[in-house]
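Would you mind keeping the following structure in view while I ask a few things?
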Amino acid sequence: MDTQMSSSLPDNYTPPSSNLDTLSKGPSPADNATSQYGFSHTMIRVKDPIKSLDFYTKILGMTLVRVMPMESGKFTNYFLCYPQSSVPTDETEKQQWLWTQQGVLELCHNWGTELAEQNFQGYKSGNEPEHKGFGHICVFVDDLKKACDRFTQLNVQFKKRPEDGSMKYIAFILDPDGYWIEIIAKGGRRE
């Protein structure tokens, strides 16, 4: 979801993705070196872990599976996911289990950022015009309309509702730090 930007591109410009035959599509079937790779996690920094954990667990239904305070670095990491199997209760087993899950969200809280007297202004979401880079994370839901109705009832801030714009099959909500979260129906596009 990018807004139209003025461009100095030539009229005959063709983006690299328009010719997929020239792009790498990953390892060849004979390459087993990456056959056991998986997407582990994404880390984002948060100003106030209480507000962020409340949002990700109560609004988005994620499970907090590990808290890792780092006294030497003055930060704490919180690991959340939608567990793909039962979460072990034994801490050693849980730590090993966590690193087998895909799509884990790591929230990093640098101690003190939540304190008013620190006058911390917050993190950049990656979507500000001068900081374009990181865009969003995405969560799928069983029913987009029902989920958006629930988000509205819970006073979640929207960046884009399904009825806004031409892409009626997605929504974007904002977490407490202003990070964009795309919301889509499980199984893909349904218009």
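Placed from the backbone N, Cα and C atoms, the Cβ positions cover glycine too.
Below are the features listed in TrEMBL for this protein:
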| type | residues | note |
| --- | --- | --- |
| ACT_SITE | Glu182 | active site, proton donor/acceptor |
| BINDING | Glu106, His136, Glu182 | Zn(2+) binding site |
| COMPBIAS | 1-22 | compositional bias 'Polar residues' |
| DOMAIN | 38-186 | domain 'VOC' |
| REGION | 1-34 | region 'Disordered' |
Summarise the model confidence on the domain 'VOC' (38-186) as a single mean pLDDT, whole number.
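Averaged over the domain 'VOC' (38-186), per-residue pLDDT gives 95.
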Mind checking how the domain 'VOC' (38-186) divides into helix, strand and coil residues in DSSP?
35 helix, 48 strand, 66 coil
Please work out the number of neighbouring Cβ atoms within 10 Å of the Cβ of His136 (Zn(2+) binding site), leaving out its own Cβ.
18
Between His136 (Zn(2+) binding site) and Glu182 (active site, proton donor/acceptor), how far is it from one CA atom to the other, in Å?
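Computed Cα spacing between His136 (Zn(2+) binding site) and Glu182 (active site, proton donor/acceptor) is 7 Å.
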Report, in whole Å, the straight Cα-to-Cα distance of Glu182 (active site, proton donor/acceptor) from Glu106 (Zn(2+) binding site).
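Just about 17 Å between their Cα atoms.
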Using a 10 Å cut-off, grab the number of neighbouring Cβ atoms around the Cβ of Glu106 (Zn(2+) binding site), all chains included.
17
